[in-house]
């Protein structure tokens with residue numbers, strides 16, 4: 001009768017557990033085939049992280065989380081915003097340039113720069129949204145192309161505004177003033193490094209994501225559109241406007257991805273800024289099933305694998321890229337497992353409905369002796 | 001909620017496995033700082049953090065690896081290597097250096113300017129460990145225990161530029177840069193200056209394969225080939241590349257362009273390292289002796305005199321040079337050596353930006 | 001069409017004999033104690049409502065599923081069917097409702113595919129196909145490309161496929177569902193041909209008039225068990241239907257008129273362009289008063305769906321206006337129209353009425369996202385608590401058979417899904433109700449309760465637009481019936497005097513001048529109409545869930 005019956009929990013747990021086991025086995029086979037030390041690899045990856053690494057895991061997960069939520073907003077209404085990658089780069093560049101000017105004092109500078117990032121990301125996404133709504137261009141194609149354009153635009157602008165430091169070969173925007181740099185939070189005892197202050201951004205975004213999608217009318221409309229566009233239209237949802245809104249929201253959230261890095265670590269945007277975060281977000285959103293909590297765990301798992309794999313070259317002499325294989329296999333396995341479980345779940349539910357109705361009928365004075 | 005439960009499961013399983021495997025782990029080296037008073041040679045433990053591509057990139061990283069190999073052979077030092085992953089985070093670079101420190105390595109070489117900030121931070125956190133960074137001399141990487149290694153690529157490029165101008169029959173040469181970053185512009189600047197010193201009217205085509213942050217221009221032979229083909233077709237007869245792995249494409253294009261067309265290699269003596277079928281098309285190479293600098297750093301440490309501060313490896317120090325393999329430029333070697341001497345004597349100042 | 005007068009000799013063992021067949025699925029008994037006998041050389045029909053257990057029985061006969069109990073005898077021999085190939089070896093062939101043909105291959109290639117060992121893939125196979133085609137008068141050209149063939153021809157290829165594999169007993173699953181009336185007649189001729197040649201046909205259907213026409217014997221299945229086997233000559237469609245549903249068949253009857261003179265919905269010269277061709281809607285005008293049910297009859301695809309879409313605001317008319325009361329709602333958005341009091345029971349509830357993967361209570365909100373009790377905080381938030389409570393109420397009041405309001409809509413039977421939709425729409429006290437095929441694909445029990453709800457709506461003074469393919473339903477419920485043909489309203493009929501045959505004629509254009517002076521010409525063009533009107537309304541177009549239980 002309730003939503004959390006044991007069968008569902010069991011079914012729900014089995015998908016990720018299965019995926020992890022499959023990933024473990026496949027990766028081990030690959031390692032064995034190529035003569036790499038299986039035991040060392042796993043003992044390195046599964047070693048308890050040091051406090052310093054725990055901080056790194058949390059930090060990496062923070063950024064992944066923001067990225068995955070940005071992707072998930074689109075996913076929830078069947079919009080595939082592959083362009084999160086381009087959107088966050090445009091956004092972080094805009095924010096870095098703005099914050100670097102130091103027009104505003106300390107904290108205010110951060111707030112406004114974050115808004116600048118969201119506007120820039122939203123704007124970049126709105127191009128794809130416009131093309132989809134007005135011209136029927138698939139958002140998958142337009143966002144992929146916009147990613148390429150974003151790369152070009154950002155590098156071209158970066159060369160224009162680059163602030164070259166003496167003796168350095170890197171090119172980057174002007175470093176943001178110290179008053180606007182966030183030192184981080186000392187959350188993990190014994191760690192020399194700190195957790196990004198802007199982890200609060202991830203917490204707020206996660207909460208808002210859950211709240212807006214789960215509790216508001218807007219969220220209901222968005223989810224209805226994702227589940228069945230035709231039913232949403234018939235229920236009065238203005239689908240084109242919904243596409244526009246969701247895409248821009250996704251882009252604006254993508255704009256936040258680089259913020260913890262910008263204010264808590266790099267302090268400028270340049271050639272060494274982390275790339276590919278948007279694509280990781282797609283994987284993590286899939287793994288976390290577009291659920292605010294699920295994505296949090298998926299981000300932590302992703303970050304855990306990333307950080308733990310850092311030591312692989314040193315302790316096991318295995319290229320750290322093996323972790324991409326693990327992540328890829330997990331993703332593959334989990335997507336397949338989710339689909340299998342969705343089907344099983346559907347079938348079991350239909351059977352359960354039939355069974356319970358049959359039981360109800362039996363309980364009543366039966367007019368018809370027939371079973372079924 | 002359902003989704004949440006599922007993923008909760010992942011994590012709990014992960015956590016369980018963690019707990020189970022945590023202490024059964026491998027023989028992790030004792031963490032902490034090694035002492036730098038390495039009187040005995042064999043005590044020295046050298047960690048090397050490569051840029052993307054790592055050992056085997058036939059270019060920059062390999063040059064650093066050669067220095068390390070030499071030190072290992074001659075000084076008997078213990079070594080450990082790790083390479084960067086494309087698009088990684090600043091924290092990942094820091095962590096790589098820290099991992100090496102934790103594993104007990106006392107001298108750590110970071111290859112590539114991407115490590116600048118990481119080296120600065122790691123050096124501060126680990127004052128007992130000595131670091132070297134290749135290709136950076138900025139404040140980011142500055143520290144009392146940091147050897148900031150840079151090269152006068154402009155000076156070396158000046159010489160190959162002069163060689164190109166001397167050898168060009170068309171009075172038309174080309175330059176292919178991998179990625180449009182200041183470091184590669186330095187190559188271009190020297191090359192142009194050298195060519196113009198020989199022939200003020202020479203025509204020079206310049207092209208960069210990609211713009212940052214797209215660094216594929218350092219590893220995409222197809223792009224290099226297209227760019228060089230264009231230059232040969234427009235009449236250039238010698239093309240110099242500063243494009244890492246993309247240079248292979250430049251050599252292929254030179255081969256296809258036929259007799260009288262040449263290419264100039266970079267970083268190492270590519271007439272020795274390039275694929276055999278194109279070696280005869282390599283007029284000369286601008287050699288950037290990263291191996292010398294790396295070996296220097298280790299050797300000095302072994303001798304008990306830690307190298308620190310900015311160290312520019314220029315012509316005078318033998319950090320850059322041109323190669324003569326193949327004997328294609330034997331006829332002009334004396335002229336080139338003359339230019340070399342003028343630069344060493346500071347009679348010629350080579351610009352760093354074009 | 002015509003049955004051979006003489007029955008086959010009864011001396012030989014029956015072609016199929018089933019005894020005590022029982023099949024249980026977890027929690028559900030799909031078949032219980034199925035027993036009947038099929039004489040050789042006859043067409044034997046099996047009829048039953050959706051979910052009565054017909055398809056499970058067929059799967060058992062074709063070896064897809066194994067019975068838990070009971071015996072199957074083929075030609076007097078007990079057989080164990082573990083797989084379809086066992087069934088084929090026993091001489092049983094199955095023609096599925098959905099054809100399994102590769103469009104880009106020829107007939108020959110499709111037939112030999114998977115049976116290459118029988119006659120190879122060359123001339124021997126071609127000769128065999130021609131031979132079968134000739135002896136059963138199937139008229140199949142082995143070298144035609146399947147893509148070029150019509151539905152009827154494709155079905156004949158399917159039949160040929162099983163004959164090619166040596167089947168002597170053919171199972172045809174709802175073979176007429178995909179055919180137009182003429183093709184149905186052709187199929188029946190071919191079945192007679194097969195029968196004459198000594199083959200046995202098991203014909204599964206719920207279209208009773210067809211069954212009565214073609215079968216030599218009819219077995220009725222209800223709730224998983226055999227109720228009776230009857231002679232088609234001794235029963236009529238109504239008696240058969242009552243056997244199927246196990247009770248007196250409900251019949252839609254109007255009560256006394258509640259029509260007022262207050263116009264609630266007025267459609268004025270609606271035109272909807274159809275690209276370059278003929279307009280999809282061509283000058284549609286009608287008015288519906290409070291307390292009136294306007295029925296629209298028509299063969300599907302003549303513009304009914306588009307009228308609904310235009311009224312609901314899902315499509316913009318090319319010209320013409322729609323008035324709700326006095327207000328022009330032609331250019332209003334769907335949500336505004338719904339808020340203004342237009343309830344909507346869509347034709348395809350899976351596509352337009354429900355979120356199949358969402359729980360019932362969320363489906364209760366759908367379409368009324370801006371209305372109480374679904375919202376709070378000024379319409380910004382969804383009020384899940386109140387919506388759930390109200391869903392409980394709807395489930396109770398509208399007799400939606402479900403164990404809980406948290407199960408997904410997709411796990412309910414069609415009838416219960418429809419009751420939920422009607423309950424939801426009626427809960428917002430609409431002024432106008434647009435009901436498109438409201439009883440399509442629902443079982444008889446739900447059907448009569450849906451009719452009750454429409455009658456109640458009429459009594460309460462709603463204006464109801466009823467679109468249906470079920471002429472009996474239209475005649476029974478409507479105050480006025482309009483016939484639509486090629487986007488135009490071609491005739492108005494009084495349901496008190498019109499017969500299904502009259503409507504059928506008008507729908508096919510046989511008499512499209514006007515209803516009143518239309519001579520009853522039931523002889524021509526009525527195949528479709530008459531076929532439809534005795535249909536027991538149980539054809540569920542949506543096979544999304546092949547459930548064995550219908551509440």
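The backbone N, Cα and C atoms fix where each Cβ goes, and this holds for glycine too.
As annotated by TrEMBL, transmembrane segment applies to A:9-34 (among others).
According to TrEMBL, the transmembrane segment annotation covers A:54-75 (among others).
Taken from TrEMBL, the feature transmembrane segment applies to A:110-131 (among others).
Here the transmembrane segment (A:140-159) has Cβ contacts under 8 Å with residues 80-83, 85-87, 89-90, 93, 97, 124-125, 127-128, 131-132, 171-173, 269-271, 278 of the same chain, all six or more residues outside its ends. As annotated by TrEMBL, transmembrane segment applies to A:140-159 (among others).
Per TrEMBL, transmembrane segment is recorded for A:195-213 (among others). Within the chain, the transmembrane segment (A:195-213) has long-range Cβ neighbours (under 8 A, six or more residues past its boundaries) at 55, 58-59, 62, 65-66, 69, 72-73, 76, 114, 182-188, 219, 222-223, 253, 256, 259-261, 263-265, 292-293, 295-296.
Beyond the transmembrane segment (A:243-263), the same-chain residues lying 6 or more positions past its ends with a Cβ under 8 Å from any Cβ of the stretch are 59, 62-63, 66-67, 69-71, 73-74, 76-77, 79, 81, 83-84, 87-89, 91-92, 95-96, 99, 110, 113-114, 117-126, 128-130, 132-133, 139, 176, 180-182, 196-199, 201-202, 205, 218, 222, 269, 273-274, 277-278, 281. According to TrEMBL, the feature transmembrane segment maps to A:243-263 (among others).
Sequence annotations record features per position, and here TrEMBL assigns transmembrane segment to A:269-288 (among others). Nonlocal intrachain contacts for the transmembrane segment (A:269-288), taken as residues 6+ away from its ends with a CB within less than 8 angstroms of a stretch CB, comprise 16, 63-72, 75, 82-89, 92-93, 95-97, 147, 158, 162, 170-173, 254, 257-258, 261-262, 294-299, 301-302, 327, 330-331, 334-335.
What TrEMBL records for A:322-341 (among others) is transmembrane segment.
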Remark   = Tertiary contacts of the transmembrane segment (A:9-34), defined by C-beta under 8 angstroms and 6+ residue spacing from its ends, are 41-42, 287, 318, 322, 325-326, 329-331, 333-334, 337-338, 340-341, 344-345, 348
Query = Other than its close neighbours in sequence, what residues sit by the transmembrane segment (A:54-75), given a CB gap under 8 Å and a spacing of at least six beyond its ends?
reply = 81, 84, 87-88, 139, 187-188, 191, 193-196, 198-199, 201-202, 205-206, 209, 213, 226, 246-247, 249-251, 253-254, 256-261, 264-265, 274, 277-278, 280-282, 284-286, 288, 290, 292, 295-296, 298-300, 302-304, 306-307
